[in-house]
């Protein structure tokens, strides 16, 4: 808390040139300011005891004696030091006062302390604010190695092993512990909370300059002997830092117990679990299943590995017997894999034939005679279970079900949706993983296992607990002597963690008492710290799930100022630019930094200069006179340091003769000018771009310093050319467009043939008829380039407020070239003219000579005057500053006046050169009358208007009372309250605000979000309505008053319950049409039941185009989520409307329509799955008959052709001739009828739905005599197709299976 006081006192004492400001005051006729050393003394008293602030300052009078009596001993000592340090300056001030001339009315400054009456100066409020903030402030140590190595610091742990440290037993043990500090810390360890004597164990050593333990087993020993809990202590003379408690464990990879496993006998279709039961390892091994021949086990929806390592079969099939199953465990540290004896399966089946073609068939189970059954859970058992997970970990929920067919798994969360950004499904949807779990993820989850035989669910109740986690981790605290600070250690967890403080590794209760230290729960407050206060504090926060340990040291430094940047830097900057001069510094107490120019004058701050807290000086607009040597001086009570920066101002780089747009004929020569003016001390580089790409200077181009010449222009030269003039500090560019014309006959109308372009710039500007408020500007127009000039725009630039910036002054018709311009007083004008035609604007003309008008008093006052409080005890007066054309004279300033509106007291006034002024020590939210008047050296502006402003607001003191709640309906309530008294608002009453949150739902086990919501009621009103509530819920509500500062105190908490409402729409309403006779409907429960569901209402109606059938209404129980509708005909579509019901009524409805009928859009899948059903339809039978008739006609035509031509030669169909052994070689042909009657490849569907795949590879043997197919040398099949045909016909007659419609067609043929 003393840091600011020292900065104020020592800073004033450190510089001799500062009193020149007082001489300026007298030279300008103003009263001299009081000695600035008094300000430092005043700040000391403020920062010593904040409670004394009101007693020290009373209506503008400084009560020095009272403050001195109530100051602490440290404060008195600091005051004496500050006065001693300032004695040299006081003597120098007196010599300067005696040497300078006096003006009448300037009194000599004596040693007596004086303070201005009325309001305290603005710096007082800043000092108060900084004193309040400094309670938690601390000094930042720069990263400069020289400073880091010089400063004394307590130890800090920089590296340590993890809390659970598992090591490889084959390697040496390494337990890391490294720390930094000055002096370098020493280390010792404890093991199982006892001192660990490293010197007594030859295997244990500690690394040099480190606390890392190395346990060497090269000479023997068992690593298990060193298991335990270790903790490292790093100590120097300023304190002791602690590492975490490191639990050392040796990795274990035990062998699998030998066992003989009998074959597992299981009925086909039954569920099966192969247990792994791996040996317990550290850490747990990774489990995977393979065969004994090291082939991975293929996993899918039916066969998969659970999280516990077991292998689950939802149903066993005959093909599962083709391999064995071995569980493997991979251990991380030893990189070994251990294999369990393999399981062999013996599957009992009713159909021993393992037809691979049925493996992926939809009716695979019925084809193999496996009975279908409803799902049941293999893991976890039962219908409900619970699981606990820690915050920040991954939550893994698993459901594995058996059933025939294999069930599908779906996951849901009761009362809400799954977190889409964190949830992902694993193991074929059998596992749900939610990453980075938080408290919002607690609740009930359920998995739904379903197949066509039914469904079953399992509910998992998830509880989220939390190991301690940081809210505010304690940070190192570096203070100056006498300053105050605090260490904060806040953590959260579930259950709530406890906080234990230690100092230098010992419990705080057993440490020596420290009168400057106060413990308040999770905070330690330090007051008036001294060098002896240095120590390292530990905060240990823990609950049943873990702990957090943090070290934070308190270091007290006395360091004189020092500069951190290189000395005598050179900074070069372009004229009129903004720049920043850096001056990094360090010291404790934090030094005061000031800037001076050329070693003389006052402190540079304000106006064109701005000094940042880090020491940087910003010059907002560089001018020639800003060139020079700048000195930054850092001062505190221990001394001062300074550094210098040399600033050089360079002229800007400007293109004063820019390239112009040109139109050239092909083959001519074009020259693009680019003349540049730049600072001669900088190296200039001129480059060219064509169409914004670097220009290649070929043989036809010549680049000079001020132009670019193109010889023999061609069409490819057309485009835009950019000239870039650059130095190492800045650049300028100009662009022109070149148009290339092709050779053509000379047109008769020259103006019509030549293209139009922008006008050339006006030239030869001249100023005449010079007067106080006007001047005549004359110019010579440029070429209009075949487009008449329509307007001239006159622009001006002034060099005082915005040099280099051009503003529009006036606009004149294109027929004039001379105009009288009206001017403002005291502006140094420079003009230029721009010509405008329908193509565009010309380049600006070269500027005219400058003309300065004479000055005058301002004729207006600043606009937008406001008075608003930024703190509860101030009022900030702001306004829009006047520009150069309204200043009317030099040294523009503003006279700011204010007074309390009610008291009608005399006006307070101050002269300000900026655009704001802060009035301090104001009462809370009172009206003020404000006036701001412009003034320059020629006089004052007109009498200003009075504006009403208000001082700062404070938080409201009272809360609304007698809050009454009336429930309007299931989603809205009516509020009524007693308004607060106006004097308790302490500001402008913005609104009454209700904070409400949903405490719980009346539905059991429904998770609700307790996020706070708010409803605003603007103005001073006694009632309001809160809507958009959730029905059937318990709510809590509080009310506050809100002003411009914020919320007031909260009212008494009220509780209310919303009645039952109508539910939201059912979720995921799905309409499926498996065939042409039925429609299946499925839906999920509403997301917001808003009450107890009593059922669902389904309304559906058939429609065909614009024709509607009779509406049918169905009511279902609340547990029913499926329904099947029998279609009346295959053509009409259906429109379904579904809604849920509570006792209140039906809720929001959801509407869906059935898919289009087959004659509009026939899905391929539907046809495949229902081929047998389609074959019974009349329209299909008719279609098949028509196709059979066409085939019959084709066969008749073929027989007719055959009777004429006989046979088709085989060589027309094959590229390779038949061999001599071919039985058909003599006539060289195959019977067409045999070839034509070959069964089609593909699938044929029998009545039982079985699909027979006719694969050529499996059936080739059926074509040859003796059961073996024969092939020719060229690979062609030579067996007679009639053999296969006869065989098929014979088998078809003997089979009991009916032929499909497709077979019927070929039978007809």
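Residue positions begin at 1 at the first shown residue.
Glycine is treated like the rest: Cβ placed from N, Cα and C.
Just so you know, TrEMBL annotations are computer predictions that nobody has curated.
Per TrEMBL, the features are as follows:
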{"type": "COMPBIAS", "residues": "1-21", "note": "compositional bias 'Low complexity'"}
{"type": "REGION", "residues": "1-32", "note": "region 'Disordered'"}
{"type": "DOMAIN", "residues": "155-251", "note": "domain 'Ig-like'"}
{"type": "DOMAIN", "residues": "257-344", "note": "domain 'Ig-like'"}
{"type": "DOMAIN", "residues": "375-463", "note": "domain 'Ig-like'"}
{"type": "DOMAIN", "residues": "468-555", "note": "domain 'Ig-like'"}
{"type": "DOMAIN", "residues": "560-648", "note": "domain 'Ig-like'"}
{"type": "DOMAIN", "residues": "652-739", "note": "domain 'Ig-like'"}
{"type": "DOMAIN", "residues": "761-856", "note": "domain 'Fibronectin type-III'"}
{"type": "REGION", "residues": "841-869", "note": "region 'Disordered'"}
{"type": "DOMAIN", "residues": "861-954", "note": "domain 'Fibronectin type-III'"}
{"type": "DOMAIN", "residues": "959-1061", "note": "domain 'Fibronectin type-III'"}
{"type": "REGION", "residues": "1046-1065", "note": "region 'Disordered'"}
{"type": "COMPBIAS", "residues": "1047-1057", "note": "compositional bias 'Basic and acidic residues'"}
{"type": "DOMAIN", "residues": "1065-1161", "note": "domain 'Fibronectin type-III'"}
{"type": "REGION", "residues": "1144-1165", "note": "region 'Disordered'"}
{"type": "TRANSMEM", "residues": "1179-1200", "note": "transmembrane segment"}
{"type": "REGION", "residues": "1210-1309", "note": "region 'Disordered'"}
{"type": "COMPBIAS", "residues": "1223-1234", "note": "compositional bias 'Acidic residues'"}
{"type": "COMPBIAS", "residues": "1240-1253", "note": "compositional bias 'Polar residues'"}
The answer for the region 'Disordered' (841-869), taking Cβ pairs under 8 Å and residues 6+ beyond its ends, is 656, 658, 660, 758-763, 765-767, 770, 772-773, 775, 777, 779, 782, 793, 795, 797, 799, 806, 823-835, 875-882, 886-890, 892, 894, 898, 915, 922, 925, 928, 930-942, 944-945, 947-953
Within the same chain, where does the region 'Disordered' (1046-1065) have neighbours whose Cβ lies under 8 angstroms from its own Cβ atoms, ignoring anything closer than 6 residues to its ends? I mean 6 or more beyond. 955-961, 963, 965, 967, 969-971, 973, 977, 980, 984-985, 993, 995, 999, 1002, 1029-1040, 1086-1093, 1138-1150
Please work out the helix, strand and coil residue numbers for the domain 'Ig-like' (560-648) from the DSSP assignment. 3 helix, 50 strand, 36 coil
Thinking of Cβ pairs under 8 Å, which stretch from 155-251, 257-344, 560-648, 652-739 has the most of them with the domain 'Ig-like' (375-463)? 257-344
By DSSP, how many residues in the region 'Disordered' (1046-1065) are helix, how many strand, and how many coil? 0 helix, 5 strand, 15 coil
Overall pLDDT of the domain 'Ig-like' (155-251), taken as the mean: 91
